[in-house]
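Step one of this worksheet: look at the structure below.
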Ligand SMILES: Nc1ncnc2c1ncn2[C@@H]1O[C@H](COP(=O)(O)OP(=O)(O)O)[C@@H](O)[C@H]1O
Ligand SMILES: O=C(OP(=O)(O)O)[C@H](O)COP(=O)(O)O
């Protein structure tokens with residue numbers, strides 16, 4: 001990092017009349033009627049966009065939503081336009097595509113201070129493959145590049161990484177700038193011999209100190225809670241978490257791969273078959289390291305993936321064929337709560353269950369309440385991830401947490417010490 005500082009930051013860029021390609025992470029949760037159930041990520045993108053509008057730039061917003069395979073109306077970004085327009089105080093224009101002639105015409109007609117939102121960039125498979133020709137097409141729409149998509153900073157995709165090669169300057173937005181400062185602070189912590197320098201720096205940037213503390217010097221015991229459904233993306237992170245944490249609680253869709261690796265039946269629960277060996281080795285590693293790795297002892301199972309499914313609570317070892325685990329059970333909530341009672345720092349990514357369905361929300365809500373209660377007692381609590389933050393917002397406890405991060409996988413990879421491609425690609429990184 002910090003190799004090409006001369007090109008400058010967003011504050012130094014000449015913006016008047018310039019077309020700016022802004023990658024944001026607007027991957028927000030939507031319900032079945034396309035209502036936004038949590039707008040945290042939209043709100044987090046607003047300061048950068050408002051700054052660009054205020055400096056007479058022509059703003060071209062790009063984001064993904066979900067993981068579509070090709071053009072899928074369900075994953076259109078259109079439902080976000082009203083909320084985005086409301087937050088920005090102007091009418092955001094929606095493009096029907098993210099590249100091509102029609103988009104070029106829309107961009108050409110953009111007034112200074114105007115904003116268009118491109119359609120879901122993942123409608124093109126070239127996005128995730130980071131294909132140079134696709135990145136060039138995105139780049140051709142603009143004069144400069146701003147990346148403010150912290151939640152997607154761990155992905156080397158065309159709109160998060162590739163495009164930076166063809167658009168100069170390419171700089172961080174304000175949300176991402178926090179991240180770059182964070183990386184700097186990490187190095188400072190490692191190399192600084194002056195505690196005073198460190199204390200001064202951290203107090204100056206106090207909004208970062210929770211994450212910095214968690215990354216470099218957590219108050220111990222340190223616990224991580226990992227759940228959610230992105231098992232293949234996140235199971236690998238557990239290996240490095242085992243180097244850092246004293247307690248590791250697993251929930252959500254993550255657990256069934258571990259159960260299966262132990263020879264338990266998991267019915268039709270979410271399982272990553274090719275991660276069974278990894279799960280076994282993680283259990284062994286936890287034991288060897290003396291990390292208290294807890295899997296739920298009971299689960300709430302359902303006969304279908306639906307809010308009105310029949311449900312029952314069973315021991316983890318008794319999931320029948322045809323049933324799937326959609327939440328952690330009451331005994332597990334109790335055990336997890338007790339394990340958290342003695343900790344001083346907690347980082348949480350991934351809901352404990354399918355909290356979007358009331359029948360399977362109890363585990364996530366109980367853990368959110370536990371963190372809020374511990375936060376009141378001085379424990380540092382950090383929540384990251386689109387759905388995890390949505391869950392905590394849903395129960396009205398976001399304000400109680402020490403730090404809310406828009407990134408789940410990105411925060412975990414940061415904690416792992418991995419360089420994030422979306423940050424490295426920038427001129428000011
Ligand atoms: N047991 C489970 N089976 C399937 N999906 C689950 C399970 N538990 C939680 N989930 C789902 O995980 C999703 C969130 O996962 P993820 O994207 O990894 O979290 P985040 O967005 O916080 O990083 C939620 O939509 C939730 O419904
Ligand atoms: O929601 C996201 O990450 P998260 O679920 O880890 O918080 C980001 O938008 C990245 O999405 P991806 O994991 O489909 O690349």
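Using N, Cα and C of the backbone, Cβ positions are placed for all residues, glycine too.
Pulled from TrEMBL, these are the features on record:
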type	residues	note
BINDING	25, 26, 27, 64, 65, 66, 67	substrate binding site
BINDING	41, 122, 155	(2R)-3-phosphoglycerate binding site
BINDING	234, 356, 385, 386, 387, 388	ATP binding site
Largest tally of Cβ atoms lying within 10 Å of a Cβ, found at which of the binding-site residues 41, 67: 41
Binding-site residues near ligand 2 among 26, 65, 386 (Cβ under 6 Å): 386
Coarse DSSP state, helix versus strand versus coil, of residue 387 (ATP binding site): helix
Cα-nearest neighbour of residue 66 (substrate binding site) within the listed binding-site residues, 41, 122, 155, 388: 122
Those binding-site residues in 27, 386, 387, 388 whose CB falls under 6 A of ligand 1, listed in sequence order: 386, 387, 388
Diameter of the (2R)-3-phosphoglycerate binding set by C-alpha atoms, the set being 41, 122, 155, in angstrom: 18
Sorted by sequence, non-41, 122, 155 residues with Cβ within 8 Å of centre, (2R)-3-phosphoglycerate: 25, 27, 63, 64, 65, 149, 151, 152, 157, 160
Neighbouring binding-site residues, C-alpha within 10 angstroms of residue 67 (substrate binding site) - of 122, 234, 356, 387: 122
Which of 27, 388, the listed binding-site residues, has fewest other Cβ atoms within 10 Å: 27
Packing count at residue 66 (substrate binding site) (other Cβ atoms within 10 Å of its Cβ): 13
Whole-number Å value for how far residue 27 (substrate binding site) lies from residue 387 (ATP binding site) (Cα to Cα): 10
Listed binding-site residues 41, 122, 155, 356, 386, 388, filtered to Cα within 10 Å of residue 27 (substrate binding site): 41, 386
Neighbour count (Cβ, 10 Å) for residue 386 (ATP binding site): 21
Nearest recorded site to residue 65 (substrate binding site) by CA-CA distance, among binding-site residues 356, 385, 388: 385
